[in-house]
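Participant: Below you'll find the structure I mean.
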Amino acid sequence: MDIEMIEVILLAIALAMDAFAVSIGLGAKSQKQSSAYVLRLAVYAALYFGIAQGVMPLIGYLLGAVLLGWLATAAPWIGGGILIVLGAKMLYEAFNGEIEAVLEDGFDENIRKKINHRMMFTLAIATSIDAMAAGFTLNLLALNAWLACLIIAIVTAGFGFFGIYLGKSSGTWLEDKAEILGGLVLIAIGVKVMLFS
């Protein structure tokens, strides 16, 4: 496995942490639900979060490809800076409880009876905005962007699925830790892009 593929896998894991944290919160709020309900919720979390996290970096990549022509010499600094800012934002959110606030604002009491697709869509978009910004940096990695976005989607879907079950069994105490890990990985990749691209 080459270094670029390792970078994409690390980027995918870091970007998946927002969706993972939200999935843990959704799972924790579904602790009294039936196994069939939790399975449906886990499948929907995987689908919504995976698709959103796969499409948004592709949009960022395409926009970045246009901008790189104009900003070629500054691109590594801009791309690395974006990743560092996103990582710092994730750390800030982890230490200020913003994931819990998103869940509380978007949580519909009816989710206990039926999965709210509008809420799932909103959460998927909210957790994937960072992925669109990170997609810009895919232009700086020597890897097929389509493959990278597919890897990001698959990794996020897996984290979304298992996050529901982890939240159901352990509660919300892991949410912030997932955000911290994701933030640190994004900062590390950002520094690498700035220094070695």
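A Cβ is built for glycine as well, from the same backbone N, Cα and C atoms used for every other residue.
Quick paste from Swiss-Prot:
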TRANSMEM  8-28  transmembrane segment
TRANSMEM  43-63  transmembrane segment
TRANSMEM  66-86  transmembrane segment
TRANSMEM  123-143  transmembrane segment
TRANSMEM  146-166  transmembrane segment
TRANSMEM  177-197  transmembrane segment
Participant: Please give the sequence-distant neighbours of the transmembrane segment (177-197): residues at least 6 beyond its ends with Cβ less than 8 Å from one of its Cβ atoms.
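Facilitator: For the transmembrane segment (177-197), the list is 7, 10-11, 13-18, 20-21, 24, 75-77, 79-91, 93-94, 99, 134, 137, 140-141, 163.
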Participant: Other than its close neighbours in sequence, what residues sit by the transmembrane segment (43-63), given a CB gap under 8 Å and a spacing of at least six beyond its ends?
Facilitator: 15-16, 19, 22-23, 26, 115, 117, 120-121, 123-125, 127-129, 131-136, 138-139, 145-146, 148-150, 152-154, 156-161, 163-164
